[in-house]
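Per Swiss-Prot, the features are as follows:
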type	residues	note
BINDING	A142, G143, G144, T145, G146, S147, G148	GTP binding site
Amino acid sequence: MPREIITLQVGQCGNQIGMEFWKQLCLEHGISKDGILEDFATQGGDRKDVFFYQADDQHYIPRALLIDLEPRVINGIQNGEYRNLYNHENIFLSDHGGGAGNNWASGYHQGKGVEEEIMDMIDREADGSDSLEGFVLCHSIAGGTGSGMGSYLLETLNDRYSKKLVQTYSVFPNQMETSDVVVQPYNSLLTLKRLTLNADCVVVLDNTALNRIAVERLHLTNPTFAQTNSLVSTVMSASTTTLRYPGYMNNDLVGLLASLIPTPRCHFLMTGYTPLTVERQANVIRKTTVLDVMRRLLQTKNIMVSSYARNKEASQAKYISILNIIQGEVDPTQVHESLQRIRERKLVNFIDWGPASIQVALSKKSPYVQTSHRVSGLMLASHTSIRHLFSRCLSQYDKLRKKQAFLDNYRKFPMFADNDLSEFDESRDIIESLVDEYKACESPDYIKWGMEDPGQLMTGEGNASGVADPKLAF
């Protein structure tokens, strides 16, 4: 029985990475740009209905909502070659089309204004599912629509569909370059609060690291957004292969996440992928074995979060959990041997209070997509060094807040009216508490953490540490 997943693409970035994701899924399942099954797509064994449903004329339609407050990207999709793929009733554009002006408060406020309209769309999609498992939100945390409206949707989904899983693919801004969004630290902090309290799993897509990988690994001198987005769609499609080509394990989202997220607050995942190739790029042909792929996944240069192992404290940083999704022609005995070799060489430093094991899910490769390598792998990992990414967000926020810079843009909206900036302070406290929790994970006493000092427990709807999230219980 399919466990359907509804995808919400919010804002410019969310719609761009969402579009790439659907292109990739169409290729892998043999679905044409118009949603019609290709003549050659005769092999069964895949579950298209997790992400698609069939219209009366048998063509496949993504279970997706395209939401934006300014029309440019969605108009591009509606006039592009995949225009007939989507259900046009599931496209929401703001009436005035002015966008959110890179202001979280504007996106959040406008989200509140159109809540009924968007929730109607979501309810309609949910009613059309036999056994809805959850939602996937694609967005960025730095702008206005993806961050503000995305935050509002996360809160609303939590209220309306409290038993359903919510996973996000969240794009973090490039912190090596000066941003064209000066209020990025404010937007990021306010969104991070919602990602901490209202999401069950956040896959962190860090633009800093994606750019670095594009330059170092793909030898692109000046990577375009389209090229980094294709890296993102590779990760998104690989992370859903076990749902779309089901085996006996990890064939639904709960199963996939339950092992990765032992405590509810530490639900931010980093990813690694190998071997990487981008179209039009000279492919390096090499022998890909399971051991080679699994070893490469642990190398810092393949990991798509920049904070990882690039600072003096990295030696204390530890893995909380690892799931490797290996695609291709794989013999399970090779997996066992590879895990043994990795253990013998002590290539991985795990936390002391949990099972020190790399989990492996084997998955079929799409028969319709030709690749030059036999085996490819995606790593989804929870690692304590992710806290440095949050610490950097905090320090950038503190710099701006100290100068009281650009706060007038926020005071125009009801949440910050009458100079009430408590939302910022509360968000900061929650992210600081999250950083502390990841640091505490590195010590063997973590299980007792937060028990003695009630002040360390989270405000709002968040779970206290050590309390299992009922949605992730089997």
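Cβ from N, Cα, C; glycine included.
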- By the 10 Å Cβ-neighbour count, the most surrounded of the binding-site residues T145, S147 is S147
- Item | Chain-internal residues, separated by at least six, CB under 8 A from G144 (GTP binding site) | G11, L69, G99, A100, G101, N102, N103, W104, S106, G107, N187
- Task: State the count of C-beta atoms found within 10 angstroms of the C-beta of G148 (GTP binding site), not counting that atom itself.
- Result: 32
- Using a 10 Å radius on the Cβ of A142 (GTP binding site), the other Cβ atoms enclosed count 28
- Note on the structure: Surrounding the recorded GTP site, with Cβ no more than 8 Å from the Cβ centroid of A142, G143, G144, T145, G146, S147, G148 and those residues left out, we find G11, A100, N102, W104, G107, H139, S140, I141, M149, G150, N187, T191
- Query: Within the chain of G143 (GTP binding site), which residues six or more apart in sequence place their C-beta under 8 angstroms from its C-beta?
  - Reply: G11, Q12, C13, A100, N102, G107, V181, N187
- Task: Report the same-chain neighbours of G146 (GTP binding site): residues 6+ apart in sequence with Cβ closer than 8 Å to its Cβ, ordered by sequence.
- Result: V10, G11, Q12, C13, G14, G107, H139, S140, V171
- Task: May I ask you to report the DSSP-based helix, strand or coil state of G144 (GTP binding site)?
- Result: coil
